[in-house]
Amino acid sequence: MKNNYDILIIGGGPAGALAAKTAAEAGNTVCLIEKRAAIGTPVRCAEGIGKELLKEFIKPDPRWIAADIERARIISPNGTAISLEQDRAGNEVGYVLDRKIFDRELVWQAAEAGADVIVKTRATAPIMENGAVRGAKVLSVGIPADIRAEVVIAADGTEAQFARRAGLDTVVPLREMMSCAQYLMTDIDIDAGSTDFYLGNEIAPEGYLWVFPKGNRTANVGIGISGRKSRDGSRAKDYLDRFVAKNFPNGKTIEAIAGGVPVCRPLACTVADGLMVAGDAARVVDPITGGGIGNAMYTGRLAAQVASKCIAAGDCSKEALMPYDAEWRASKMGTVLERNYKVKEYFVTLDDAKLNTLAESIAQSSLKEFSVLGLIKELIKRNPKLLLELKALKDTLS
């Protein structure tokens, strides 16, 4: 193992992989470390991503596309379904990936670009000098070592331990940490071309339940509920088990995962001296959908681009790295995150009766676009009083 690099990347998910590939292609010496023994496992994601968004970063490949989705459905507590076909659903209809293969492909591309990839290596603490991050102390297959770098990109997922140890505030309020559970199920009867989202406080309080098909009568069936709603007998797994017993009584569960997804605002600042934070660690998960693959790839790539310029200029201070933070906040992604956070804060206050009323009002509508923005516009069109309740969003809905 070498001990000095231009850029050290912590985490082998989509954010880390795109950062490593981009940084290596720019001519930097790059090391990507991953704490697990294998890239892409365990899968901690529903595995969905919009088609156009994916194509911004990688050419789709049948090897890691489990299903090509034709429509999306939102199903209210009383069963009213809002169905969006592919020609109107835009970026929300897309692919269901096989993350085990997809993540490995991304890291493989980073390695081909010249990045060193080291698995079973955990960053235990930042190397700090005069208040700046200068690398990481690691345990590699149980052996301690130091890896020094001009810039560290922390892409270590929801836990965001490295950024916290470097002094950034990464705490997520309990109510904004979704408690999630997911089963990979087979031998179930589903619409193989539709991603389904179920709403309702009896189904998934302050969250939603999803069914994402993966072909051959197989699907990811999962749920996310507010952390403050999770308690004995009412955990995410309990709600999921009840849904499965009712809807897929003869299905077979071949894999189960559990975890948390932050649906808060992004970190107040995603840079420090010698440090950048990307992906889920930066809290750039969509607050409504909980999706984060595309945002992770975007922030990982952007972090590497800015880091490369700073290294070339010989200045990796917080001030020099700040264009990364400013650019993603000013981007379409940053705008959507802020708007969707406000929408999420409103919708978690609704009871099932209000959810049913809103769904029924647009169930037969022909939406011009299927996105959170398109959905809110149509809801306001059908329910004008809603604009008063969403007055904080007025300027973003034009």
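Every residue, even glycine, has its Cβ placed from backbone N, Cα and C.
The FAD binding site feature in Swiss-Prot is assigned to Ala15, Glu34, Cys45, Ala46, Gly48, Arg99, Ala123, Asp280, Gly292, Ile293. The secondary structure of Cys45 (FAD binding site), as reduced to three states from DSSP, is coil rather than helix or strand.
Around the Cβ of Gly292 (FAD binding site), a 10 Å sphere holds 25 further Cβ atoms from the protein chains shown.
It is Ala123, among the binding-site residues Cys45, Ala123, whose Cβ has the fewest other Cβ atoms within 10 Å in the structure shown.
Remark: of the binding-site residues Ala15, Gly48, the most isolated position is Gly48 (fewest other Cβ atoms within 10 Å of its Cβ).
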